[in-house]
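Visitor: Next up is a structure, given as structure tokens.
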Amino acid sequence: MTRDLTITDVRLTPILVADPPLLNTQGVHQPYTPRLIVEIVTADGVTGVGETYGDTKYLELARPFAERLRGRRADDLNGLFTLADEVAVDASRVENAVDVGGLRGVQTADKLRLSVVSAFEVACLDALGKALGLPVHALLGGKVRDAVEYSAYLFYKWADHPEGVEREPDDWGAALDPAGVVAQAAQFKERYGFTSFKLKGGVFPPEQEIAAVRALAEAFPGHPLRLDPNGAWSVPTSLAVAEELADVLEYLEDPALGTAAMAEVAAGTEVPLATNMCVTTFAEIEEAFTRGAVQVVLSDHHYWGGLRNTQQLAAVCRTFGVAVSMHSNTHLGISLAAMTHVAATVPDLHHACDSHYPWQSEDVLTERLTFTGGKVTVPDAPGLGVELDRDRLAFLHRRWLDDDGALKDRDDAAAMRVADPGWVTPSVPRW
Ligand SMILES: O=C([O-])C(=O)C[C@H](O)[C@@H](O)C(=O)[O-]
Ligand SMILES: [Mg+2]
């Protein structure tokens with residue numbers, strides 16, 4: 001049987017998906033957040049899907065990239081990276097050293113390109129898998145586990161978005177103190193069976209967040225716990241928190257901003273440090289590893305450039321005795337499937353990955369992925385093993401089209417200003 005893997009069509013569909021009022025150090029999530037759904041179609045009529053960030057700066061790159069992709073082959077995965085180099089990045093998009101909106105570390109033109117490439121790589125792998133009758137994990141060398149463990153991703157949260165703001169209701173309630181955080185964790189455990197918990201910190205003064213983690217440790221003895229203030233603390237504050245929580249933390253995630261500060265913290269504590277902010281590109285690895293700044297690198301396959309780059313990151317980490325796992329940003333089922341396929345192929349994955357997925361009440365799939373016992377079963381169907389729901393996609397795209405521009409770019413500080421007009425993004429360190 002011959003297959004024609006030539007890419008004949010590429011579809012880009014920006015969407016807005018409902019997001020609850022989750023708090024972080026920069027503000028609060030907007031009621032709707034942008035994502036980009038990528039579809040590639042081969043000459044044989046096979047469609048592959050991918051997903052990535054949907055803010056304007058990603059769309060601006062995805063469009064010329066998609067133009068160049070037509071006529072190339074879905075199995076030319078390496079070619080995606082050379083193609084990406086041909087697409088110019090508007091310098092104003094990377095002029096800020098840190099991507100404050102996304103809490104994703106240093107922003108560079110390459111990282112923007114890789115975040116776009118990742119969606120096309122996943123779409124190509126999905127199409128290739130469907131064409132060959134193989135799951136994506138098989139294309140990545142084969143799974144070494146049948147299910148991937150995720151941790152509950154706890155957030156301080158308002159009961160609802162501010163009055164007068166259009167939004168979808170959610171049934172999680174508020175979580176603004178230790179009791180609220182424990183109640184949220186209990187819901188996560190009951191609904192999805194998660195056995196490890198990550199709390200997004202940097203929202204309240206550290207004593208309050210220490211109290212919340214202590215309350216979690218008491219309510220869920222023996223469950224791995226993490227706290228992630230997204231670099232909001234000074235080195236002395238980070239060290240003080242590490243000392244307070246040393247007996248209950250699996251790791252502390254990005255307590256202070258940047259490799260130098262993380263190295264100082266690491267030198268003063270036995271608590272392992274994890275990051276999705278100071279090691280976000282291959283170029284940042286050498287300094288961080290040689291300075292012993294981090295003990296766990298949390299990949300986000302979007303900004304690392306896809307699933308095969310994530311495997312390469314895992315190999316580099318293994319070489320240096322640094323652990324690897326995954327963090328996430330707001331995402332839908334296509335990305336959860338992609339994360340699950342690649343995580344299934346990483347031999348030494350010793351920490352549960354984290355996922356925002358339970359916070360997303362909307363999706364573009366005919367069937368949502370499910371967590372059982374805190375795990376997602378690795379799909380064995382061809383490709384990613386997910387199916388696009390075109391009506392849902394059209395509905396969420398319509399919402400994007402109807403938006404006047406206020407929500408097309410994630411801006412947690414702007415969302416906070418709706419409730420607190422005087423709010424400015426806190427300077428770092430905040431405490
Ligand atoms: O682990 C992390 O740093 C994240 O998940 C980054 C996200 O942007 C998170 O802070 C959020 O969604 O507010
Ligand atoms: Mg983090």
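Cβ atoms here come from the backbone N, Cα and C positions, even for glycine.
Marked as active site, proton acceptor by TrEMBL: LYS200, HIS327. Positions annotated as substrate binding site by TrEMBL: HIS29, THR108, TYR153, LYS198, ASP228, PRO229, ASN230, ASN276, HIS327, SER328, ASN329, HIS356, ARG410. According to TrEMBL, the domain 'Mandelate racemase/muconate lactonizing enzyme C-terminal' annotation covers 178-272.
Have a look at these and tell me how they're positioned relative to everything else.
Guide: Here the Cβ of LYS200 (active site, proton acceptor) has 24 other Cβ atoms within 10 Å, regardless of which shown protein chain they belong to.
Secondary structure at HIS327 (active site, proton acceptor), as computed by DSSP, is coil. Taking the Cβ of HIS327 (active site, proton acceptor) as reference, residues of its chain lying under 8 Å away and at least six apart in sequence are, in sequence order, GLU253, ASN276, LEU298, SER299, ASP300, CYS353, ASP354.
For TYR153 (substrate binding site), the count of additional Cβ atoms within 10 Å of its Cβ stands at 23 [all protein chains shown].
In the predicted model, residues of the domain 'Mandelate racemase/muconate lactonizing enzyme C-terminal' (178-272) average a pLDDT of 98.
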Visitor: List those of the recorded positions TYR153, HIS327, ARG410 whose Cβ lies under 6 Å from any atom of ligand 1, in sequence order, or write none if there are none.
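Guide: The qualifying recorded positions are HIS327.
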Visitor: Could you check which of the recorded positions ASP228, HIS327, ASN329 have their CB within less than 6 A of ligand 2?
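Guide: Once distances to ligand 2 are taken from each Cβ, ASP228, HIS327 fall under 6 Å.
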Visitor: Looking only at C-alpha atoms, tell me how far ASP228 (substrate binding site) is from LYS200 (active site, proton acceptor), rounded to the nearest Å.
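Guide: Taking the Cα atoms only, ASP228 (substrate binding site) lies 5 Å from LYS200 (active site, proton acceptor).
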Visitor: What whole-number Å value do you get for the CA-CA distance of ASN329 (substrate binding site) and LYS200 (active site, proton acceptor)?
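Guide: Pair distance, Cα basis, whole Å: 12 Å.
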Visitor: Let me check the 10 A CB neighbour count of ASN230 (substrate binding site). How many other CB atoms are there?
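Guide: That number is 23.
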